[in-house]
Amino acid sequence: MQGDPLLVKVNKLTSTKTQLPYSYYSLPFCQPEHIVDSAENLGEVLRGDRIENSPYVFKMREPQMCNIVCRKILDKKAAKAFKEKINDEYRVNMILDNLPLVVPIRRPDQENAVVYQYGYHVGLRGQYAGSKEEKHFIHNHLTFTVKYHKDPLSGSARIVGFEVKPFSVKHEYEGEWNEKTRLTTCDPHAKRAVTSSESPQEVEEKKEIIFTYDVEFQESDIKWASRWDTYLLMADDQIHWFSIVNSLMIVLFLSGMVAMIMLRTLYRDISKYNQLETQEEAQEETGWKLLHGDVFRPPANSDLLCVYVGTGVQFFGMILVMMIFALLGFLSPSNRGGLMTAMLLLWVFMGLFAGYSSARLYKLFKGTEWKKITLKTAFMFPATVFAIFFVLNALIWGQKSSGAVPFGTMFALVLLWFGISVPLVFVGSYFGFKKPATEDPVKTNKIPRQIPEQAWYMNPAFSILIGGILPFGAVFIELFFILTSIWLHQFYYIFGFLFIVFVILIITCAEITVVLCYFQLCNEDYLWWWRSYLTSGSSAFYLFLYAAFYFFTKLEITKAVSGVLYFGYMLIISYSFFVLTGTIGFYACFWFTRLIYSSVKID
């Protein structure tokens, strides 16, 4: 209702140049009497969000002009801190009624088109006319616009937009400063408002800075339920459609090849029964059928393969459930940190399926020590990721950034891992190992057969690297948007597109692995277990190469620590992608080999 107080909260300071968030009060801004932290979920803490109260107080539908927040005289340390943040192009993030503060910028290429940038710059660098010396100026006057939608029935209003125009103004006043001082540069009584930054406020030691703000209220047609739509407006949905069409072409091409292989295989089997095959076809047919006594021979390092497959199943389950939640609208950006929290919890609970699938595969390989395999599944992947994360966190902590995960949160993560994930992996393994082992469709010979010399293009390293290109090609356009949302601090909320791309990725990984596995078996090479995992898993190598390309072409990161952070986190993402795509390829090939060998009648 009119006159109700509106509480403006401040969030972290962010920069795309350093990727290191800082809390708002790490700079000497005006402070309220008591700084109160808002309750944060796990995801918000991991993202570096630090939400606190602010000295800005609005009253609903009551415009304010030239409110003085406070007056500061900068000491050497404060001036240095402001200059550093201005050099690194830091932005101030605020929140009103759960909506982030945005700066509207008109697009020159389109009429009436507005792009929203999250948060306003702490300040800017510039020169006075006729001077070559570069100075630092601070944005000390903020003109807020609060948009509201009025309910015609009840007369109450709800906030649907929160915008700001920042200005740098050297405020002036007459006489000595006291609490009742009236500014001559900005005076509500004389109706003098700040409309430009013609005489900007310099940041220097012993300089006085007066922080002020205006608030205006605008009625809007946007309903409260759809207030996020303007924030999430996509200017480039055509590119997403192009991405999907591009991916579908790859899928159709691969599907054609798989269909041809299947039909050819089945046709040969039928023709054998009808005794219609020519001598040439009979020779050709001997390829993969000759391997029936070796094709299901357990591979080298079979324990490690079981662990990786189990971890991949855990990842697959996490992403699938998360996508469904996101499609149903549970993970909207208004629920800050929700996505990160959901991912962590789903990962922990999917430990059940990780244990089950690694134990099933281990039993197929005639393994007997199920507890050993369970421990490896529960600890190998998470320990590697946790070690990288711990080192990166120490670097962030060394920079005194709010992005550093506090000790309490780190302890909570370890507790989730040891207290929930590990026991669930054991439960899954126990049930997986209790079930009878899967029967192979053909018997394995005691003595392994010789593998003939392979052509250069069937060399494992070459075929594995070739196999990763198509799955990566199916997702790389969408990957650009995901990286932009992570590293350029933009919202990513096109889960519909993402889900389609994910389904295409699954099909592509499965089909390319089946095609290359078939060629391998035709060349009488039966070592397909590991190769099937690595074939589609190698797409992670291309993902990391693309991340490096993105770093040098799109990001303006200058600090060494920020570069290490970027590549550290991208290494974790690429490793996770390897485990996910490798498992999809492995299961596709596993199903394919069982299918073709169960259809063959061995004489």
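Heads up, the Cβ atoms here are built off N, Cα and C, so glycines get one too.
Residues annotated as transmembrane segment in TrEMBL: 241-263 (among others). The list of residues near the transmembrane segment (241-263) in space but at least 6 beyond its ends in sequence, with Cβ under 8 angstroms from a Cβ of it, reads 470, 473-475, 477-478, 497, 500-501, 504-505, 507-508, 511-512, 514-515, 518.
The transmembrane segment feature in TrEMBL is assigned to 305-331 (among others).
Sequence annotations record features per position, and here TrEMBL assigns transmembrane segment to 337-356 (among others).
Positions annotated as transmembrane segment by TrEMBL: 377-398 (among others).
Here TrEMBL flags 410-433 (among others) as transmembrane segment.
Counting only same-chain residues 6+ beyond the ends of the transmembrane segment (464-488), those with a CB under 8 A from a CB of the stretch are 16, 19, 239-240, 242-243, 246-247, 250-251, 254, 494, 497-498, 501, 504-505, 508-509, 512-513, 516, 531, 534-543, 546-547, 550, 554-555, 566, 581, 585. According to TrEMBL, the feature transmembrane segment maps to 464-488 (among others).
Per TrEMBL, the feature transmembrane segment maps to 494-521 (among others).
Listed as Cβ neighbours of the transmembrane segment (533-552) (distance under 8 Å, sequence separation of 6 or more from its ends, same chain) are residues 305, 308-309, 463-465, 467-472, 476, 479-480, 483, 487, 508-510, 512-513, 516-517, 563, 566-567, 570-571, 573-575, 577-579, 581-586. Taken from TrEMBL, the feature transmembrane segment applies to 533-552 (among others).
Marked as transmembrane segment by TrEMBL: 564-592 (among others). Proximity of distant same-chain residues to the transmembrane segment (564-592), defined by a Cβ-Cβ separation under 8 Å and at least 6 residues beyond the stretch ends, is recorded for 19-20, 305, 308-309, 311-313, 315-316, 319, 381, 384-385, 388-389, 391-392, 395-396, 467-468, 471, 487, 505-506, 509-514, 517-518, 528-529, 532-541, 543-544, 547-548, 551, 555, 557.
For the transmembrane segment (377-398), same-chain residues at least 6 beyond its ends with a Cβ under 8 Å from one of its own Cβ atoms are 20, 306-308, 310-311, 351, 354-355, 358, 404-405, 410, 413, 417, 421-422, 425-426, 429, 561, 564-565, 568-569, 571-572, 575-576, 579. Below 8 A, the CB atoms of the transmembrane segment (494-521) and the transmembrane segment (337-356) form no more than two pairs separated by six or more positions in the chain, fewer than 3 in all.
When Cβ-Cβ distances below 8 Å are used as the criterion, the transmembrane segment (337-356) is approached by residues 40-47, 49, 310-311, 313-315, 317-318, 321-322, 325-326, 330-331, 374, 377-378, 413, 416-417, 420-422, 424-432 of the same chain, each at least six residues removed from its ends.
Note on the transmembrane segment (410-433): residues 42, 310, 344-345, 347-349, 351-360, 362-363, 370-371, 373-374, 377-379, 382, 386, 390, 393 of its chain, located 6 or more positions outside it, place their CB under 8 angstroms from a CB of the stretch. Outside the transmembrane segment (305-331), and at least 6 residues removed from its termini, the chain residues within Cβ reach (under 8 Å) are 299, 338-339, 342-343, 346-347, 350-351, 353-359, 361-362, 365, 367, 373, 376-377, 380-381, 425, 495-496, 498-499, 502, 529-530, 533, 576, 579-580, 582-584, 586-587.
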